[in-house]
């Protein structure tokens, strides 16, 4: 394709790793050196949560930062060293094995152009200023070349769950005592959750009413290969990311299949429509209308540096262009410095009243380096603005609450419809507190079947395999309350598929696992339910590549679905 | 605006130079150091042609590369050191003087976001690979924050000229003898023109028919401040750039005025619609239809490195998405290596027949480093593909021909309609060959009223002021035929306006001059005229900033029009 020449570069004799540098001659010569310690966004974000530590055959030094909310070292998928890759899994048409290299090169080139023209971009982690100043240091967001095949029935299942989870979060949020009680042991050992609970307590004491409630959630799932069941990884009730870029990746894949689908035997219509960004914007706009102040704006709470800013800007752009609602971006520290509460509870930022506070920061302890940020969080919670999320919504999304809800007869306290309860229960993986001696025994015996998850958000701290056993034994020995900082979760073994992934303009062929996120929007006022819907989806695909040194350089990319 | 803090940085006491770094703290501290030797695209391109040498009060070391096709050192505009800037020129609402700095900051931020989301991007000149691999090293295209005010009558005049120039080029192209004769002296002293003429001769000898003729031109103008007349700078018949990005800048400005227009007292509807990219794509598609081979593609001839590739990709994207015509990008060297001519004249590139050859390279000697590139050019010319431009169209756009057409009674040879002739003549600046002793005398006497332009394209060699006198005297002394390498042109004194320009995320306030380009598309087959229209416009604004050292750092940005 034009000035881009082809040249093949053999990096490894390991058949699992097939680097493809043909479209991009000068960029990176070795995967091992290709920023192996960095991730998509180089920060610990909710959406960029941890991979397991280096315990698999793809020994990893990189597991810290990834766009994956969750995953397992690739070992988990029972991918064996000797297995012939191409037979492992996945629809062959979407894999890389049988697609002609020239065709791949053309598609990669077209995809890179498409991304540049259509705003599928992030800040380049190699350009320092790219997380602060828009318009500079741009690079295409990492993406999979083709959508990942996914059973239509499971996709529907996930979509149908969205409004149920929306409702569940709302009901749980109203039961302050349940939240406080469930998190009481966690509070003792986790300072971050403790501070959130303090704010929550204050709100309960002041008897604060949350009459207009807005939730923009994302529930993340993996498909367990063995049981063929859709299992929930986590429910994000704060800062659900990628509503903007996920739509674009679906469009990118549709565009590629429009042009190459016939050759590939793939039908672009099998990529489901993805309206995440417009639905999220619509929900924000409807909340803004409920607030009923034409001069008010949406306050977007952001991190100091945000290389994923264009995802956020897409949402704000739709909000403004389509709904004529303007937004203001501020960090927690800026809000502490600039925001004021009027006697009637109106939050003013730079003199502008705030209708809705939309958090794209504040979910990790890192976002609160000083008391200033906590003051800002409290001030916002005390204000009359609609919080997305409120402190209760935020707490309802914690892992501990996820685990509590999985206990027998707990869902029944919050949901009325038996079918809904059954659907939710079906997607729960095994979830246990460390107060259960039976399960502790099982996990020590077969640690490979469990993941230990710390309550603390923004992670990199999930514990796998031998470390599960070690940690559990240590906690038993020490007998402190540190056990309350963890939950145990059934380990999910997702399908591994051969995938073509593009990052920094470089094309990699590797095996990868995928995680599906389904967006949900919920809005109600005192009298009525206004919005309760599934909004779209996010597919993320994560690879792990070994090199000569045996050190893995795993990274995650944005993807979409091909329904099968 | 969010994490981007404000801080003002005084660089100079020169009142003409008001750097605005408020939205972008860490980037560049001094204009003198901000890549003062580079231009928008860092290459010598037709669209990036030269500014005058450092002879004005804005002494310039940078004049070499700019997106300006033409301009004069800012001195020309009779801007006097002691003049109070704000009174110099321009509609005050579009200047920078009376706009509140907070508002400017917001608009700059919004504009940078808009550019990133909507593909108003170029390759970053600081990232080596950005001219080769799409999707990496992206940065917003440099742009003016607001459209430049422009009299509606003059804009209409320029638009009305487009179809007349289209027709004129076509008529001139048919008169091979006129082209050969007019350029015969130039041929002796300019090797590049000589090679083009050789190809042209071969085509004449072989009696090659060009029955389907496609022209995608851009005629560039400046508004002379003193005479209030629209004067043509040059007519581009090859590689007219920015049809893609110019439309985006118009949209950007419209979007800004939609949001801020009321505050600024500006009406977004006064920015004329700009459909350059869709009209160009439509003309290419119609030519493709004339070629009548459903398997054929459009061959885009590109430079080895092209940081303005997204402008080209926009055109190809519209061509593909809207007209289902695919394009192939190749350098001249690649075409030499890969292209074949079938017995029936069909040009095959990689086995794909070529319907239309669209040149975005080949206009400068730099594009022909070896015989390989000239072989490719000849092969294409000999093929049955529709050339955009053909060798005749290319030659018809040379400066020498422009000057020949300005001679008395020459236009009358090519155009029938007297009104058309009058319109064209009206926009001609004074143009003379160096064979005229009267004009030589005048230019030696008052060199500040003339520009000496070398025939050689892709420039940086225009001669101004004292150098005009020196060069003319030298040529007289030497008595060689070197004078045939130049034409003399009346110097145009455009309006200088206070302008806010953004490059690399940094906002500059400076005085600037603007140049209007009007796109034209022309297509005919043996029997019929199929397309002859004005397609849209390009506004470019060029600034020059002095710093403490007295060295100017001028650069050009994309702009649009505000009709007054």
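Keep in mind that glycine also has a Cβ here, set from the backbone N, Cα and C atoms.
Given the structure is predicted, the values throughout are model-derived calculations rather than measurements.
The feature substrate binding site is assigned by TrEMBL to B:218, B:238-241, B:306-308, B:312, B:360-363, B:540, B:551-552. In this view, residue B:361 (substrate binding site) is surrounded by 23 other Cβ atoms within 10 Å of its Cβ, with every protein chain counted.
Cβ contacts within 10 Å of residue B:542 (ATP binding site), excluding its own Cβ and spanning all protein chains shown: 25. Taken from TrEMBL, the feature ATP binding site applies to B:234, B:399, B:453-462, B:464, B:489-492, B:515, B:542, B:548.
A strand conformation is recorded for residue B:236 (Mg(2+) binding site) in the three-state DSSP classification. The annotation Mg(2+) binding site is assigned in TrEMBL to B:234, B:236, B:457.
What TrEMBL lists as domain 'Glutathione synthase substrate-binding' is B:297-396.
Per Cα geometry, B:542 is the residue among the binding-site residues B:234, B:454, B:464, B:491, B:542 nearest to residue B:307 (substrate binding site). Residue B:241 (substrate binding site) carries neither a helix nor a strand DSSP state and counts as coil. Secondary structure counts, DSSP: the domain 'Glutathione synthase substrate-binding' (B:297-396) has 43 helix, 26 strand, 31 coil. Between the CA atoms of residue B:218 (substrate binding site) and residue B:236 (Mg(2+) binding site) there is a gap of 5 Å. Residue B:542 (ATP binding site) falls within a strand when secondary structure is assigned with DSSP. Contacts of residue B:454 (ATP binding site) defined by a Cβ separation under 8 A and a same-chain sequence distance of 6+ are given as B:399, B:461, B:462, B:463, B:485, B:486, in order along the sequence.
Checked against residue B:491 (ATP binding site), the binding-site residues B:236, B:241, B:312 differ in C-alpha distance, with B:236 being the nearest. A straight line from the CA of residue B:236 (Mg(2+) binding site) to the CA of residue B:464 (ATP binding site) spans 22 Å. The Cβ of residue B:312 (substrate binding site) has 24 neighbouring Cβ atoms from other residues within 10 Å, across all protein chains displayed.
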